[in-house]
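A.B. asks: Annotations for this protein, taken from TrEMBL, read as follows:
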type	residues	note
DISULFID	Cys1-Cys13	disulfide bond
DISULFID	Cys65-Cys80	disulfide bond
DISULFID	Cys85-Cys97	disulfide bond
DISULFID	Cys92-Cys110	disulfide bond
DISULFID	Cys104-Cys119	disulfide bond
DISULFID	Cys122-Cys134	disulfide bond
DISULFID	Cys129-Cys147	disulfide bond
DISULFID	Cys222-Cys237	disulfide bond
DISULFID	Cys250-Cys262	disulfide bond
DISULFID	Cys257-Cys275	disulfide bond
DOMAIN	348-363	domain 'EGF-like'
REPEAT	501-544	repeat 'LDL-receptor class B'
Amino acid sequence: CAASRQAACGASCIPVPWLCDGEQQCPDGTDEQCGCECCSVPPVCGAKKVQCPGTHHCIPHWELCDRHQDCEDGWDEEGCPQQPCLPWQWQCRNRVCIMSEWKCNGIDDCGDSSDEDVCAPCPRGMVRCDEGKCILESLMCNDEDDCLDGTDEPSTCGELHVAAGTAHSHNCLSAYSCQVCSARVDIRSGDLYWLAFLHLSCPRTHVPCRDGTECVAQEYVCDGEKDCADGSDEDGCAQLCDTPGQPAPCQSDEYPCGLGACLNASLVCDGQRDCADGSDEGGNCSAPCQQSCAHLCYPSPQGPRCWCSSGYRLADDGLSCTEIDECTEQGGEACSQTCLNTPGSYNCSCLPGYLLEPDGRICKLTGPEPLLLVAVQSEVLSYGLRSGREEVLLAADKDRVVFSLDYDLVERKIFWMDLATESIRWQGLDSGKKGTLVKGVKSDCIAVDWLGRNLYWTDGAAGQVLASRLGATWRGTPEYAVVMDGDLDQPHSLVLQPLAGLLYWSEVGSHPRLMEATMDGSRRHVLLARGLGWPTALALDLPTWRIFWLDEKLGSIGSAHLDGTGVKVLQLSWVRSPFAAAVCEGQLYWSERKAWSVQQVDKASGKNRTVLLKRYGQPHGLQPFPVVAMLIHAILAGTNGCANSNGGCAQLCLPNP
C-alpha cells in the first residue's frame, strides 16, 4: 500500500481517512482498532460534516441545499426549501436558477438536464439519455458510459428488439460492419434497436467522417493529421478553394493530383505515374517552359507552370514568388515559444531555462522534472509531468477541503483556500510550519504575487478582488485591501503576471468576459467579451504571451494573445466542469470536478487528451510547480515595482507599472 495515503486491510488497501472513522471496512475490524488517540473521533464524518448515504463521502454542513449536487445521488439537495428565481430566470428541477434564454439551447445548464428535458426530441442521428442530454447514436453500446447514468450501455446491448417484449438474438457483425452500425434506445420502454445508418448528424461545430462512425471538430479537417479512423478528414484537401492571400492546400513547389494528394513538382511529367490517377503525366507535358518565372518552371499536363522554392508562395500573377511568414500563419504550431521568420524558412528558439528539442520546434524545461500541484479533497499532491510520480505534499484535516491553491517559490510555501473555515491558510514545504493568512473570506480563486509579496483573491458574491501581504499573520482583525470593487460581474478565476505587474480575471455573470488590470486595480480594460459562456478556468502561458481559458457552458478551450488579439477556440466535448487550469511546455492541464480527474491536451490543437489523475474526491486547485526558468525571467524582464524593499511602502504595496 502507498504508505502516505493507504493502509493495509487484509489482502487489500483502504484510504488512510477511512481509518478510525466509526465504520468498519476491513472484515476483521482492524481499521477501527486505532487505540485511544482515536477514541474521541466522532463517528464516520465528524461533527462538522455529514455523510452521503451509502458512501464514504463526507460533505460540510454548508454544502447542504446550496443548489450544487455534492453527493453523487443528489441527496444533499433533496427536500430543500424552495427558493424562487428572479423574473428573468428559469428554475431547474434541482432548484438551480438559470437564465431563461438558456433553456432548450442544447447544453445542460442546470446540471440535471431538466432545462433540456422539456424540449423537442433529439436531432436526427442522436438519442436522449435518461438524464436528458442527447448523444450520437454511434456512442450507443460502445462499452463506454457516454450518458452519466449509463443509459447508452444497457444490458441488452447486442440484441435486436423487433417489438416491445420480443427479442431475437442478433449480432451486428453478421449483417453489417460495426463501423456502420448504431443502436437506438426507446427510453420509455427500455427496448434497444440496432440499425444501420448512412448519414450521421453532427453538432454544427463538427463534421462527420465518411464511414459514419464519428464526428470530428471542424478545426481538425485538413490539418495534416488523420483524426477520423478512415482518414477521410484529410481526403481531398488539395481540392479546397485557394483563397488569395491564404495558404494553398498544396505548396507552390507541389503539384495537385486529381484525387487530392500533393506531388513534388520535380516528379511531374517524368514519364512515371506518381499520382494514383496518373494525372501527373500526359497532356501538354512536352510543351517547353518559356515563361519568365521568378524561381523555376516545370512542365505539367496543363502546360508549363511556374513554381517557387520551399518557403515561398506563387503570387497572383502566376510568375513571381512571395515569401511565406510561417510564424504568423502557423501561430503556435510553428514554434512552441519564439519564432523568427527567415527568407524561405523560419527558426525556433527558446527562452532561458528551456532547451530546443531535436524536432527544432518544441522547447523543454531544463533542470529538475516539472511538477504539477493538485488539490484533491483535503490533500495537495505533486505530480511529475515526465515520470507520473505522485507524492502527498500536504494533508489538511479530514473535514477540510483544499480549494484554490497557489505557491510562493521564494519561501516555498503553499497557500490554499479553506472553504470549511472560510480562511486562506499556508504551509511551508521545508519547515512544515502552518499558519492562517486571513479569515472571513469566501473565494473561488487565489493567486500569489511571489515577486511583489502579495496574495490576491476573488469574491464572486461581493464582486471584488482583494489582496493581502504574504507575510501577514492573523491576529483577530483582517489585514487586507479591496483592490477592485463596483462593476465586477461575478469575478471567478484569477491569474497574475508578476513580472509585468498585471492581473487577469474572468467574470461569469450575465455578461461573461475576460479582463485585465494593473495589480493596483487601475488601467482596467476588457480583454475579450464575445464568444464566452462560463470561462471558469484561466491559465497564462508566458513564453508565448497567451492566455488560455476553459469554458464550462460552451465546452471549449480558448486562447488569445495578452492584448486580446489572435483568438482561437476549440470545441471539445470532454470539457464539462473545469475548475482550474495550468500550462507547461506544450500542454494544457485542467481539473474536471464532475469526472474527478486531471486531464491534459496539446495546447495548440486540443488533441492527444490524456487523463493524468483520477481518484476519489473532486480535484480543485491546479498549479505548475515553479521552476528555475521563472526566476531567470524575473531577472531579465521584471518590472514589478514592489519587488525591491516593498516599493518603499510601510504596509501593502500594489504594483502599478
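Cβ atoms are placed via backbone N, Cα and C, with glycine included.
Computed from a predicted structure; not experimentally measured.
Have a look at these and tell me how they're positioned relative to everything else.
C.D. replies: Of all Cβ atoms in the shown protein chains, 21 besides its own fall within 10 Å of the Cβ of Cys92 (disulfide bond).
In sequence order, Lys103, Cys104 are the residues near Cys119 (disulfide bond), counting only same-chain partners six or more apart with C-beta under 8 A.
Note on Cys222 (disulfide bond): other Cβ atoms within 10 Å of its Cβ, all shown chains, come to 16.
Counting every protein chain shown, the Cβ of Cys275 (disulfide bond) has 20 other Cβ atoms within 10 Å.
The average per-residue pLDDT of the prediction over the repeat 'LDL-receptor class B' (501-544) is 92, rounded to a whole number.
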A.B. asks: Restricting the comparison to the disulfide-bonded residues Cys13, Cys122, Cys134, Cys147, Cys262, which residue's C-alpha is spatially nearest the C-alpha of Cys275 (disulfide bond)?
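C.D. replies: Given the candidates Cys13, Cys122, Cys134, Cys147, Cys262, the nearest one is Cys262.
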A.B. asks: Expressed to the nearest Å, what is the distance separating Cys262 (disulfide bond) and Cys129 (disulfide bond) at their Cα atoms?
C.D. replies: 44
A.B. asks: Going by C-alpha positions, which of the disulfide-bonded residues (Cys122, Cys222, Cys257) is nearest Cys147 (disulfide bond)?
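C.D. replies: Closest by Cα: Cys122.
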A.B. asks: Which of the disulfide-bonded residues Cys13, Cys222, Cys257 has its Cα nearest to the Cα of Cys134 (disulfide bond)?
C.D. replies: Cys222
A.B. asks: What disulfide-bonded residues in the list Cys13, Cys92, Cys122, Cys222 lie within 10 angstroms of Cys250 (disulfide bond), counting C-alpha atoms?
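C.D. replies: Correct set: empty; none qualify.
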A.B. asks: DSSP says what for the repeat 'LDL-receptor class B' (501-544): how many helix, strand, coil residues?
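C.D. replies: Result for the repeat 'LDL-receptor class B' (501-544), in helix, strand, coil order: 3 helix, 23 strand, 18 coil.
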